[in-house]
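Here is what TrEMBL says about this protein:
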type: COMPBIAS; residues: 275-296; note: compositional bias 'Basic and acidic residues'
type: REGION; residues: 272-307; note: region 'Disordered'
Amino acid sequence: MNVFKMALGMFRIMTAPQGAAKAFKNGRIPAVTAFLSQWNPFRDLPTDANVVHALREVRYIERTLRYLMVPTSLPGDDYALCSTLLRSLETRQDLSWLVLRETGVQDTIQVIARRGGIRTPIPDEPFGLHERAKTLDRHWHTLERNPAKPREWEAEFSSQRQPPLIRDEDALVLSLTQVSEAETMYRQWRTDRDWKVSYLKRHPPVPTGYVRVTRNQVHSDETWRMLPTVNSPDDGTSQHDTCKLLPIYASLVSQRVPLNWVNPDVVPVRRKRTDQKNRRDEQLKREHDRRSRQWEYQKQLKANRES
């Protein structure tokens, strides 16, 4: 999430906690534990094979595009691969809001789209990659602004597929090596993700704030009925003008989980931790080395444009 979006979100929820506190005090918000469990957005992922397939591929696409294109691409990079992966995002018909949120691909495309300019120059990239990223970013943001967008706790959040930017049957074809890389990335991500969620399911996090919403801002009748009310019948407020409190949560990455937490949903298995640590260290070193070269290349581009 970008800085402007975070600042805007904080501005919107600034006065909401007072309303929430009043609602708690007046008994219009149910018991705290029950309330937090009810709206907890951190839940087990669906076991549907199609959803798992989408998560695996889109996670691979997100990681690869971020690695190759943020903060800039480098001479000699595989631009054809970038184009193929971007084409998959433009045409995929299995992108639910769950897949977009869990994989982080929406944020990555936004970062790619916002590169360039005087301070963060990029080279001329073939296949129209930069403009295509901008178009895809606008497409997803248009969908996100739809008042009918489901909330995390609604079933449609994971089942409702979003219309693709380009309607075309363009299935992604990966090599055996890429399939293996995608599986490795997915397993690492799922292990970390499920470990965190196993804790948050049992210890529901407190919302970072609340947004005051009216009836026309909440698409689901069920969600509207369940949301706590800010106004009371004694306030003299008509039902049409009733405001309710919509909880807002920080991302999963921002949630704190004790380091000694053990996921009770997973049977412990003995693993060669040294080998795992070595592989992870090698991966981090490779990413760090590339990032350093990207920053240096960007400095060179900036110097060339200023001369």
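Yeah, the Cβs are placed from backbone N, Cα and C, and that goes for glycine too.
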Problem - Intrachain residues whose Cβ lies under 8 Å of the compositional bias 'Basic and acidic residues' (275-296), provided they are six or more past its termini - result: 67, 70-72, 74
Problem - DSSP helix/strand/coil residue counts for the compositional bias 'Basic and acidic residues' (275-296) - result: 22 helix, 0 strand, 0 coil
